[in-house]
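Annotation source TrEMBL lists region 'Disordered' at 33-53, 595-616. What TrEMBL lists as compositional bias 'Polar residues' is 34-51. Annotation comment: TrEMBL describes 98-133, 483-599 as domain 'Plastocyanin-like'. Positions annotated as compositional bias 'Acidic residues' by TrEMBL: 606-616.
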Amino acid sequence: MGNHTGPSRPSVSRRELCIAAGAAGISALAGCSTGNTNSSRAGNATTITDHSSPDLEKWVDEVPRPSVAEPSGTKDGRPRYEIAMGEVEQKLHRDLPATTVWGYDGQFPGPTIEAEQGEPIYVRWTNDLPDEHLLPEDTTIHSDLIPYDTPGVRTVTHLHGGNVESESDGHAQAWFTRDFQETGPEFEKKDYYYVNDQPPATLWYHDHSLGITRLNVYAGLAGFYLLRSDHERSLGLPEGEYEIPLVLQDRSFERDGSLFYPTAISDEKGGSDESHPDPSIVPQFYGDTSVVNGKAWPRLSVEPRSYRFRLLNGSNSRYYSLQFRRYDESPGETDGDGPSFVQVGNDGGLLSTPVEIGDRLELGAGQRADVVVDFSESAGETLLLHNDAPAQYRGKTGLGDDDIVPLPEIMLVDVNEAGDSQDATELPDELTRVPDISIDSVDNERYLTLNGGATDDYSRQLYLLGTAEEPDGLKIDAPVTEEPALGDTEIWSFANRSGMSHPMHLHLVHFQMVGRQSIGDYDPDEDELDLEALEAPKPYERGWNDVITVDPGEIVHVIVHFGGHDGLFNDQTGTYMWHCHMLEHEDHDMMRPFTVLPNDGRGADSDDVDDSTTQR
Ligand code: C2O
Ligand code: CU
């Protein structure tokens with residue numbers, strides 16, 4: 001290794017066939033996205049194109065179920081967990097040597113935290129990681145804000161989707177190293193407090209350390225946090241062994257089992273640009289191997305009955321657009337549609353009614369879908385969880401074509417001929433009441449821009465978030481520009497001026513999507529928001545969201561209330577982050593703070609804040 005003048009690649013025709021298959025959304029082709037075992041490097045810097053993961057036999061391992069975290073004691077009468085981040089060896093595939101990963105509590109993905117609405121918990125996240133990062137750090141990223149020469153790995157855990165006090169939110173600069181030896185400027189406390197005063201929902205936790213989130217999460221630092229309630233249990237949704245959290249991720253491997261993460265950007269011809277630092281951040285990352293709950297190309301065996309899946313897109317950049325397809329394993333071909341998803345919840349909790357997703361279910365990075373799938377008509381069949389999202393999705397990325405690796409095959413499902421249990425699942429017509437945030441209550445509107453036009457000091461494309469006044473974008477350390485007061489209701493209008501889709505995320509709050517329209521049809525200085533002119537949310541965009549996809553050339557308007565709402569959520573003030581959830585974008589530089597100010601009584605609707613009614 002080391003003396004190649006150019007990357008060696010799998011057969012171009014096979015690769016292009018695979019890319020074409022993904023882009024056209026046609027059935028999975030056998031052998032696509034496995035590449036060959038010929039992983040070679042040009043120098044030290046390796047692009048996605050340079051690398052192919054070992055050709056692993058698919059569907060040989062069963063999908064693991066993450067374990068459930070146990071509290072280690074109590075604090076102020078509440079359960080207190082202590083969860084350590086550490087480096088472990090884990091078998092991710094039968095034929096792959098054990099992979100060094102970073103796990104919470106020694107596991108990738110981390111153990112699931114089971115929480116109950118109305119019952120707060122404390123979690124002390126501790127850092128037992130080695131001194132050196134598992135993956136190459138690009139020290140040019142936020143080099144003025146990050147002490148790269150300080151020993152130890154910086155970590156901080158964010159509860160994604162949690163209505164959490166700001167000191168416990170996992171601010172990107174609230175990082176800490178092993179044994180809290182070094183801490184970032186926003187670090188405030190060791191025991192994080194999660195009040196759990198929000199609708200029951202599929203939340204997740206993951207690392208959020210400034211400038212290295214993409215690497216820490218890729219190394220394995222993520223897990224589920226399921227918030228439940230009596231009302232939700234009364235709905236008769238599949239439970240126990242019939243409720244399965246599934247985190248979908250993409251990874252690439254070396255033949256020795258180690259994780260591969262690119263260290264150079266390819267240009268269209270597959271070489272890397274001389275002017276870039278080595279290692280360099282990449283504009284996005286697309287792995288060539290599907291990993292579900294920490295197993296590569298796994299299979300799940302189910303009974304012919306209904307299951308509840310908590311789907312999470314835990315990938316760095318990749319979009320998923322999912323459907324079950326009937327699958328014939330020997331030719332490795334799909335034929336016909338499998339059972340459909342009936343969505344019962346999204347990011348922020350239950351939808352008001354179950355929604356049958358006739359077509360595909362889309363998940364951007366960080367998004368969740370709570371779905372029920374009825375396998376009773378599929379007894380004896382094999383099904384493929386199929387993804388037809390081409391990696392670049394809608395629009396264009398800053399990557400060379402060869403770096404855009406589609407991933408059509410996610411997981412196989414074997415439906416047994418018969419089950420051991422009677423399936424009594426009958427979904428109620430009404431799941432919960434999702435209160436509408438009324439447009440009439442809006443105190444303020446913000447026009448926020450998503451930009452891909454800037455470059456950094458190394459002529460790398462820089463993604464930036466901006467405002468109406470600074471439309472070309474601001475860096476993370478520019479003064480806070482979004483400062484709602486507690487009790488305010490706002491419209492945030494995300495205008496995507498870049499060439500690709502971005503999954504936009506707000507900490508703390510859940511918003512409701514109002515609608516989308518073309519960027520040219522709305523000028524905040526001239527136009528009133530015209531509800532009639534908007535394209536309605538997609539079925540899976542209803543209800544409470546904390547991530548929303550904004551396609552190139554469009555504006556997505558969301559309505560958000562800061563503070564308690566209809567007996568839900570909790571009054572929090574302080575500084576939080578909003579950002580693109582493609583982790584490579586978040587790190588380079590598509591993240592900004594927002595601050596919820598205390599209500600100074602200047603007329604915001606403090607009377608919406610009503611803790612006397614408890615909503616289910
Ligand atoms: Cu899941 Cu700030 O992110
Ligand atoms: Cu983005």
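Just so it is clear, glycine is given a Cβ too, placed from its N, Cα and C backbone atoms.
Annotations in TrEMBL come from automatic prediction, not curation.
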Could you break down the residues of the domain 'Plastocyanin-like' (483-599) into DSSP helix, strand and coil, giving a count for each?
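Reading the DSSP string over the domain 'Plastocyanin-like' (483-599) gives 14 helix, 53 strand, 50 coil.
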Tally of helix, strand and coil residues over the domain 'Plastocyanin-like' (98-133) according to DSSP?
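For the domain 'Plastocyanin-like' (98-133), the helix, strand and coil counts are 0 helix, 21 strand, 15 coil.
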The domain 'Plastocyanin-like' (483-599): mean pLDDT?
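96, rounded to a whole number.
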